[in-house]
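K.L.:
Annotated Mg(2+) binding site per TrEMBL: Asp465, Asn492, Gly494, in sequence order. Per TrEMBL, the feature domain 'Thiamine pyrophosphate enzyme N-terminal TPP-binding' maps to 27-132. Annotation comment: TrEMBL describes 224-341 as domain 'Thiamine pyrophosphate enzyme central'. Here TrEMBL flags 435-559 as domain 'Thiamine pyrophosphate enzyme TPP-binding'.
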Amino acid sequence: MCSPANGAISTIQNSVSPTVFNSPDSTLGRHLARRLVQIGINDVFSVPGDFNLTLLDHLIAEPGLNLIGCCNELNAGYAADGYARSRGVGACVVTFTVGGLSVLNAIAGAYSENLPVICIVGGPNSNDNGTNRILHHTIGLPDFSQELRCFQTVTCFQAVVNNLEDAHELIDTAISTALKESKPVYLSISCNLPAIPHPTFSREPVPFFLSPRLSNKLGLEAAVEAAAEFLNKAVKPVLVGGPKLRVATACDAFVELADDCGYALAVMPSAKGLVPEFHPHFIGTYWGAVSTSFCSEIVESADAYLFAGPIFNDYSSVGYSLLLKKEKAIIVNPDRVVIANGPAFGCILMKDFLKALAKRLKLNTTAYENYRRIFVPEGQPSKSKPKEPLRVNVLFQHIQKLLSSETAVIAETGDSWFNCQKLKLPMGCGYEFQMQYGSIGWSVGATLGYAQSVPEKRVIACIGDGSFQVTAQDVSTMLRCGQNSIIFLINNGGYTIEVEIHDGPYNVIKNWNYTGLIDAIHNGEGKCWTAKVQCEEELIEAIENATGPKKDCLCFIEVIVHKDDTSKELLEWGSRVSAANSRPPNPQ
């Protein structure tokens, strides 16, 4: 398997000749297991149910596959999402309808983030199809298609395997479609089929080669010509990277373009971690009114800007308040280029376009020089008094010191978005968050999956108390897997991000003894260490323990902060998003 940078899989190949298997191994279940291993999946996240138990037996029997049982289907889906972010593809296995509809939300999030997740469902016995029978785990109707219909809107391909004749084709088509489209797929397998040998499974899966996508050569030349002419006429052009750089596998090409043209280089918030922040022309995160200091001034005052792979939604546009003009913009999508709200060019791969454009642009460092003129280094948080209640800005000052090439950051939806955005990522430090879908609780499962896919990195998760209450159970799975992540549980007594958009009594939650909960989950089994901190002195001691004698443990640090201690960016962002949400109906 060839796995390029940014976690995308383009080629699956193997020079070893396929071998013939004995009939006990020539089953649908073993074929699926071998195929998953072949595409780079070594861990599958699952929740058992009577319709998938036989399939799980066959997955367990595959030497290269590790089955990880999760506490619920939602977290299994989140874990597959986190795994796919690092490994390039992930998989989860649940049971029919009660499991499928539970995992649906996680699959929708993976779809929004362009992540290839293979969602495998153990379906009803093939003999029950079309019999007008009513089965358990359904809504009491003889129509078994409800689950399939739900998945049709959040997956790019759906396959229902209820006979062995076309099972091989459907499985291969589902897997290859997930990889080609970089989206989740749905694969339902009747519960009575995984253990049955069939001639189509009598050999080791023949490695398939995914034909590389190609740009339209004439369209590429025309797009590069038009873009070069547009940008070379500009006085102070800038580059802005967006989240679709990942799915386009164009991060390296984007950096190559920045190296060659000398433009000031920024990223959208949802692209943090995709572009090296130590690049000599990097100016920070462009997020409208809540941008990194001096970044929005440079971007919005430019006379030309190239956005590579952007997503402009109400969150990334801070309530539609970006001061951008289409006539100044070149928008580069994974397979399409639009220049200055005018000429559009299709069938052009982003990485091909960026590489070709790099050769045509004149060196222009004006925007970056302007940035350096106005730039004033950020100040440090005011020094804490002895035993003073801990402030969030002090917490993240210490988290910054933890980061290295051997760490990765998982930022939960909420104020952690804004605080983690300000972290400066060293070379090789991973960074993930779910901005488009913004499902609170995502980070617990995602931390489990991401840490499982890159055991050489220590994951640092920043999670608010409200989000943690949604998905807390699967800390137990992290312990079962022997993971050594550091979880900072930021306890401020509620849904702070919702408070800043629209406050009400519904944003206050029941406070838990979070360290006590984790100690109870630990129950003396596995390596776990917890601490509750309320001031900087206690935080420093906890971090020293987590990185010293407890470095091999799952470390859970509950941080007590004031309920109104939020980043200034959240205050600004919340008011603008609130204004966008509360716009009156348009009478027209």
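A Cβ is built for glycine as well, from the same backbone N, Cα and C atoms used for every other residue.
Unlike curated records, TrEMBL annotations are generated automatically.
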K.L.:
Name the residue among the binding-site residues Asp465, Asn492 whose Cβ has the smallest number of other Cβ atoms within 10 Å.
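P.N.:
Ranked by other Cβ atoms within 10 Å, the binding-site residues Asp465, Asn492 bottom out at Asn492.
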K.L.:
Across the domain 'Thiamine pyrophosphate enzyme central' (224-341), what does the pLDDT come to on average, as a whole number?
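P.N.:
Averaged over the domain 'Thiamine pyrophosphate enzyme central' (224-341), the predicted model reaches a pLDDT of 96.
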K.L.:
Give me the DSSP three-state residue breakdown of the domain 'Thiamine pyrophosphate enzyme N-terminal TPP-binding' (27-132), ordered helix, strand, coil.
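P.N.:
So the counts come to 50 helix, 22 strand, 34 coil.
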